[in-house]
Every structure is written in C-alpha cells, then in structure tokens.
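Chemist: Dumping the structure here so I can ask a few things about it.
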Amino acid sequence: MLDINFIESNLVKVKEQLNKRSGDYSLIIDEAVELNVQRKSILKEVENLKANKNNLSKQVGELMRNKQSDEANKIKEEVTLINSKIEKLDDSLKLVQEQLTSKLQNIPNIPNDNMPIGNDDNDNVEVRQWGNELIKKHNTPHWDIADKLKLVDFEAGPKLSGSRFVVYTGLGAKLVRSLSNILLNLHTSKGYTEITVPLLVNPQAMYGTGQLPKFKEDAYITTNDQYLIPTGEVPLTNLHAGEILDLNQLPIHYTTYSQCFRQEAGSAGRDTKGLIRLHQFNKVELVKITNQESSEAELQAMVNDAEAVLQLFNLPYRVVELCTGDVGFSSSKTYDLEVWFPEQNKYREISSCSNCTDFQARNMQTRYRDANGEVKLAHTLNGSGVAIDRLIAAILENYWDGEKLILPTALKPYFDNKEYID
C-alpha cells in the first residue's frame, strides 16, 4: 500500500498520477486523508488525556504522602473518568485505523512518471521485437496439435475438475517436466536461488503482495482460510516479510517452479480452448528484493532474463511497455513479453515483469539497513520466467510442420535426442 503521509504531503501529484490509471481515485484518496486526520486527532486527544492522567497521578501520590486522602480520592475519580475516555477513544482509534487501512488497500501503486499514458492494452507501447514472425502453410491451433500428438487430454480435465482444467499425458507430461527443468537451470545459472514453495498461503501473505483484497474473487480459498497461490510471487516475496535485511544481502534473486491457481473471474468466453487460460497452470517465477536505488536497473535485467527463455527456444516475441491504464494494481512499471502465435496471427502474453517499488514491502514490512544505518523499505520485483503452459502452446504452433512437431534444440536431450514427435 501507499504511505498515507506521502499521500497527504503530495496530494495533488498523487491524484494526478493515480488518475492516469483506468479509474478515478480522487474520492477514495480524499476519504483516506480524512480518516487519517481523524486518526491523528484521536491520537492527540489520547496523548493529552494521558499527560493529564500522569499529572493527576503525581498529585495523588503527593496528597497521599501528606495524608490528604479525601482530596486524593477525588482526583482518583477524575483519573477513572480519564481512563474511561481513553478506553473509548482507543476503540474509536481502532475503528478509524481499520477503515483507513481498508481504503489504502484499495488504492493502487503510483505509476512511474516515464510510463506511457493510456486507458487499456491498446495504448501499450512496443519496445522491441526479436525473431521473425513465421508465416506458415500449416497454421494449426495448438490444441489440435496437442490432441493429435496425444500430449494433452482435454476431456479428462473437465471430467475430473470442470472447465479450464487439462491433463497432460505421456510425452506431454514429460514436456512440462522438461521445460520446468530447463527454465530453472537457465535462471539459476544467472544467479537466481531456486526455492520450492508451499502452494497454500495464509491471508497475510496475499495481503502482502496485494492480491487481497482487490483480487479476492479470483482466488481459491480453502475451508481453513488459506489460499491456493495464484502465482509463485506470493510465497517468494513474502519470505522476508517482517525482516530488516543487511545491505550486503541485497539484491536477493529467487526463482521457483510451481502450479498456480486462478478463478479467472471476468474471463468468461475468452480462450475457452487450449492452454492459454487455465484455472490450474504451471509457471516458473522470478522475484527480486532490492534496495531503492537499483530496482529500475534490476527490472531491465529481469526482462532480459525472461527474454532469454524465448531466445533459447528461438520463438519470435516482442517486449511491450504497459501504459498507465493497463499496469497491474501493485506495479509501478511493467513490461510484458508477448510470444508469436502463427495460427492466431498475433502476439500473446507469456511473461509480465514488474517493479512494485516499496508498495508490497510496506504491506510486508520488508526493510533493509542502508550504508548510513538508516532503515528503509525494500523494493520488490516479480516476473514470469515463463508461463509453461503458454510456452508449450507457442512451441506447438511455431514448430509444427503439418505432420509432426520438430523439437527445439534445447528440448532434444530430454527426448532421447529425437528430432521430432509424431
């Protein structure tokens, strides 16, 4: 969340920046500021009452020493009344603080000053392209290829679990395992530490990264108030919640392979076939925790690390900088990697890399001590490195020759050095 004191001190600028997103945040900002005024007023009143109580308590002690018990008892009655007032004010303070926190949890991060301004993905800006968009004689959708090669059972998933679930079979299951291994090896070779994370997290972890309360309807919650992770970002980023890190520990680079779970609320009718939009999917995640000065450079490096995956498989892609209206709730700046799908004749997102600045760190209280000994909020970054189901879909469409699937060079060692699957 944002710092309410920063909001108050930069009210016009904050409103101006946030309203560049697809929405008007002026009202909720004003409500948060008003609640903070109330909070500070209550705190001041409590402080004055406690000061008065301390003075009266000293008088009671003096009177008792002088054996003026009647006067002392009168003052004790005043102290009792003050205690009652403080108790009521504490209750009011708790309520106001809860209301303020609720408002702040629904205010997104401030977009970076240098981001393109726009309303939606139509206003995103292409930064660069890599590779050649393939124009093929045999443009076949990836789900037909997967079905023909018996890589995915698209009927078993719905039979077992409902729509938007799939079952990888035989070489398809081997493909998932092989790709996760290749991606983790690639990222660990670049200095990321591999982590295996729980698939269930507590609500505090979801609040920490900003999934709650904004995206509650998109999450799977269990009967004991735990959440299935929507992304490996949640457990990885929360590993250092509540900690003060030494400067020499930064930057921290983590990677994990996990299954992820999303309700895909609001996606009815979109990508109903294939592997693009699933309730349960496979992903390799990248997370960085940095000092405040280096996060922008670390974001660019993270984008390059995600690009390395697509280059390894020689898949055409483009890098797109998201506009203010399309950037995610917790992000200050985001780049999407979009891979080429010949059958659809367009690029589709396969990775999203974001700098969340201190937005998540404030929720989690992830801090570090700088060179001068000052404690500061860390910056957090996250990115897909990459979404494996979408990577499989892209490989199928780009490497299908009409009769068989030509295996990319990086995959051949995992398939007994075969040239293709048919």
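Glycine is no exception: its Cβ is also placed from the backbone N, Cα and C atoms.
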Chemist: Among Ser92, Ser102, Ser384, which residue shares the L-serine site with Thr231, Gly232, Glu233, Glu285 according to Swiss-Prot?
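Modeler: Among Ser92, Ser102, Ser384, only Ser384 appears alongside Thr231, Gly232, Glu233, Glu285 as L-serine-binding in Swiss-Prot.
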Chemist: I need the CA-to-CA distance for Ser384 (L-serine binding site) versus Glu349 (ATP binding site), whole Å please.
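Modeler: Each residue's Cα considered, Ser384 (L-serine binding site) and Glu349 (ATP binding site) end up 10 Å apart.
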Chemist: Roughly how many Å lie between the Cα atoms of Ser351 (ATP binding site) and Glu233 (L-serine binding site), rounded to a whole value?
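Modeler: Cα of Ser351 (ATP binding site) to Cα of Glu233 (L-serine binding site) measures 13 Å after rounding.
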Chemist: What whole-number distance in angstrom separates the two most remote CA atoms of the ATP-binding residues Arg262, Gln263, Glu264, Glu349, Ile350, Ser351, Ser352?
Modeler: 19
Chemist: Reduced to three states, what secondary structure does DSSP give Ser384 (L-serine binding site)?
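Modeler: In three-state terms, Ser384 (L-serine binding site) counts as strand.
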Chemist: Output, ordered by sequence, the same-chain residues six or more apart from Glu264 (ATP binding site) with a CB under 8 Å from its CB, or 'none'.
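Modeler: Long-range Cβ contacts: Arg164, Asp218, Arg277, Leu278, His279.
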